[in-house]
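Trainee: Sharing a structure, written as structure tokens. Questions coming.
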Amino acid sequence: MPSEEGNVSSQSSSGDTKRKVSIITEPVVERLGHDNLGFEQNKRKISQQSHHSEEGPARRKSNLHNNNFDTSSIHSDRYNGEAGGRAKKQSFSEALEKIERDYDNSRLEQSWIYSLCMRCRVEYTTPSWEPPGWQKVCPYPLCPSYRQFARILSIILIGVLLWITAFVIIGDTAAPGGQLFQLVVLTVAANFGGFLISLTTLPRLIGMLMVGILFQNVGWVNLDGEFQIVTAELRKLALVIILIRAGLEMDPTAFKKIYKTILKLGLIPWFVECSLIAVCARFFLQLPWMWSILLGSIVGAVSPAVVVPCLFRLRTKGYGVVKGIPTLIIAVAGIDDAVSVAGFGIISSIMFSTQSLGLQIAQAPVCIIGGLGFGVVWGFLCKYVPEPGDAYVVPIRTLMLFGGGLLAVFGSEEIHFEGAGPLGVVFAAFTASYFWCGQGWELEDNPVSTAFEIFWMIFEPILFGITGASIKIAELDPHIVSIGVGSIYAVAVIRILTTVAIAFGDKLNVKEKIFVAISWMSKATVQAALGPVALKTVMSNENRTEEEVHYAELVKMVCILSIILTAPLGAILISVTGTKLLKKTKQQLEPLDGWRRSHRPSLHDISIIDEEEEREDIEGIADEDTAANTLSNAQTATAFTITK
């Protein structure tokens, strides 16, 4: 009869000595830390003496786990203590434990379904609560945690309430089959598609884009007609969020240290790619020069949405940290995007302006000076409004920055100086972040950045779902597509070679230069936000011509092609080549906690570490320390033995 603790006896391999096997029951505790063990599955607590930790609810585990004993000789049936030894009815979780013991628990952990379940789990940075009996209904890890379930349920309930409200106010457009309802369904499906793609370690935006393409070409969504006005405004909102995040996540200290390298690697390769794309568009696609330069300014932008998750995984494993490569790549990507958006705004202002030639020539300097001036003034205003000690300082600063960004983008468009708006948004966010850090906030724990990360989680599936839904495969010209594919890949290779050639004097070896160049080939966010803008501008002009519509459609098509062709390939190349081209540190770096509440990687997860301090030969130092520690431990052990 087993004791209350669940101790049973079994014969050891010697045949005579009985070995007591303790099956320890641990209470369900609040989870604090990681709940995503998809890449580190060997964290289950095997015994009380083990130093391994188990995130998630604890379960009964035999300390024969993973040993070579014959578990079939251990009678693990539980009894209720009644006369006759009638078996107690088992719950689902107890039955699952019995299956794990009978078929060797290590097999379950190595199975594909276990790995898939662990990949689907998120990371917790705060204590977690769950209702009593939740593990019996939804055992760990085959079912989601209560936090995940409650989050999904709350989003569904909020969505249903908003849809009912919209239906009451708007009417048929929000009804099933209406365009607003289709947009909501597309957004939800795009978010789910992004989640599925993220399980393969590729960026979420690829899945969102594919869902949009599928919905459009199967006939499940129709966003044409008057509803294009709504989608155009949604793109502008997404652009404002992208630009504010770029400004908030630029580190002034890191920029000051390596600003020459950042400017050199950010501006020269961008200029080369922009020029080459313009030349290809002019001679192969027969676009006018202004339209060609406009296309080049869009395609030249690098996408942090692709680069950051891949660099995040490499950084947590210690790759590239020694020379601060993640910080360099992210800083250059931010400058690259800012230049692309500003250049696009200035060129579009000149192209679509109805003013005199003199005013068109003055567009460029006015947009640059006006954008910089607005950004500095608005950022300085956000330093004092609201008062730093206000209890509502975080939401008010968030709304101040967001409102200023909307004013800059929509206001500059209204006065026909579109190039000033995006530049003003970036510098307003950068200036405000600089002053906030001086008042005590840390760059990595900026709560306003967290707020805009949440905004981006909402607008990301909208942006890429709409972008994918604008692709009609039946209407694509194979000749145009083949020219676009060849031009994009050829220019990407030339940009990589250019980056490697000019990266001299930056303390990078050849392998690191190649990796840095490869990481800047991915396109996504800026192309999705700006690609259809020219078409929308042309369509809103009553005096438009068929040629202008054709040019705008070509620009949109090439931008979408650049996303499809470079985003997946860039993510794969970063993940594959990073472990081979970058130097790995001895100590792996863990993701930092703080105000960030999302489990998705942010720019701050990469750029906030002081990588300048780690630019020594860590391996050599580590070898010397290891030898010294080994000698010290040996001497201590000898002295202890003699004393004993």
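Note: Cβ is positioned from N, Cα and C throughout, glycine not excepted.
Note that TrEMBL annotation is computational and uncurated.
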Trainee: Suppose you had to name the range TrEMBL annotates as transmembrane segment; which of 237-260, 357-380 would you pick?
Mentor: 357-380
Trainee: Do the transmembrane segment (423-442) and the transmembrane segment (480-502) share at least 3 Cβ pairs under 8 Å, sequence separation 6 or more?
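Mentor: By the criterion, they do not touch.
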Trainee: Between the transmembrane segment (291-312) and the transmembrane segment (149-171), are there at least three Cβ pairs closer than 8 Å, leaving out pairs fewer than 6 positions apart?
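Mentor: Counting Cβ pairs under 8 Å (6 or more apart in sequence), the transmembrane segment (291-312) does not reach the transmembrane segment (149-171), since there are fewer than 3.
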Trainee: Counting only pairs 6 or more apart in sequence, are there at least 3 Cβ pairs under 8 Å between the transmembrane segment (480-502) and the transmembrane segment (265-285)?
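Mentor: These two segments touch.
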Trainee: Same chain only, please: residues at least 6 beyond the ends of the transmembrane segment (149-171) with a C-beta under 8 Å from a C-beta of the stretch. Say none if there are none.
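Mentor: Sequence-distant neighbours of the transmembrane segment (149-171): 138, 180-181, 184, 188.
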